[in-house]
């Protein structure tokens, strides 16, 4: 009896020890990580409800899937949690063993996540997995949850070129500089005209010279552009109105110029010689490559475009030097060396948002999408596609995109910067025009008031005196009838 009881206790103890060891081994398995807190994958109530459990394979790539402690988080994990909540299933996430997305190996077998789907090691693959025809032949894809393309990731200092000699003119467009020159000449002419018409600027037009000659008016306008006072000093109200409006115009214009020039210096958009893939092929300063075995590599391999063929031939000949294993390695190599990375544009946008010294070239080719891979004839393919469409229609996919692609760089986007066009400063030019018109009207009013007083004193008509004053001040020969009338009165 004692021996039987002792044997039973030993058996129970052994079973408990083996169970604890199995649980500890499963927790320490690096390929099996817990889902985010709050997801159905860790909800113990799901077991009692009898929900189906799916094995999900994924790949570590920022910001789609990232390790935080003992858990996974990122865009794909949030997407997976939303899909599990809509379709009522549990999930068990595992990181792909070989760290590959999926390509055909030398023996004809598939590697990466596609291979795990084909070998039934996983039910679905939720990752930045590009939908291609080759992959579609062996697995099924849902509706794409992200749209992307192929772009070029560069480091700003390696992609920049020397500034042109007249780079300081870049803040304004050619039309704006032309409008500014016309406004300057028109304002100076109005200063010259109003100073001659106003009686307050000179009292004896026949015997003295007006201080506001055309050259002096040009000097006065240029002094305002340089924020410096210039002589002569305006005395008449009409001249002061034009001077004040021109000063305000130059202040606003200089503020716009300085702000745009600062943005130009901090942005590399105008200094980026590599705008297209053709520019990348023609240059000799940068090496370029892509992820080994990726869909991007096979895109260039299968393309009939001559430029794309040249890119593929370059990468094939130097594959040991230019092809990288992981996306993180590619970004680090771009930052550390003269290397341009060809890859998914949406991932490059994230790299440019996280690393302010990186920039993506404008051209994007090969529009494509990221989809969820399932086994062929899987009952989950259509429900997952419908769920993805519902998330897109509700705006949840846009929310996740903005959440995980938030930029940490306080810089002006290359798509937003550009030389200021005349319409952007239209209100400023309109204000200047109104000010010039007011100055001319004020000068005519001053001259009219002076002419009325002179006409009353000389007992002449106001119009004749006004005309005579204008002709005298503008050095215009008086009309013949008026000259004869004046000479006759002088003889009398």
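Start at 1 and count along the chain as shown; that gives each residue its number.
Just so you know, glycine gets a Cβ as well, placed from its N, Cα and C.
Listed in TrEMBL for this protein:
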DOMAIN    53-407  domain 'Ionotropic glutamate receptor C-terminal'
DOMAIN    63-119  domain 'Ionotropic glutamate receptor L-glutamate and glycine-binding'
REGION    27-47  region 'Disordered'
SIGNAL    1-24  signal peptide
SITE      301  site 'Interaction with the cone snail toxin Con-ikot-ikot'
SITE      390  site 'Interaction with the cone snail toxin Con-ikot-ikot'
TRANSMEM  177-198  transmembrane segment
TRANSMEM  239-259  transmembrane segment
TRANSMEM  424-445  transmembrane segment
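Every protein chain shown contributes to the tally, and the Cβ of residue 390 (site 'Interaction with the cone snail toxin Con-ikot-ikot') ends up with 14 other Cβ atoms within 10 Å. Within its own chain, the transmembrane segment (424-445) is flanked in space by residues 176, 179, 183, 186-187, 190, 193-194, 197-198, 236-239, 241-242, 244-246, 248-249, 252-253, 256, which lie at least six positions past its ends and keep a Cβ under 8 Å from the stretch. The distance from the Cα of residue 301 (site 'Interaction with the cone snail toxin Con-ikot-ikot') to the Cα of residue 390 (site 'Interaction with the cone snail toxin Con-ikot-ikot') comes to 36 Å. Residue 301 (site 'Interaction with the cone snail toxin Con-ikot-ikot'): 14 other CB atoms within 10 A of its CB, across all protein chains. Helix, strand and coil content of the domain 'Ionotropic glutamate receptor L-glutamate and glycine-binding' (63-119), in residues and according to DSSP, is 20 helix, 15 strand, 22 coil.
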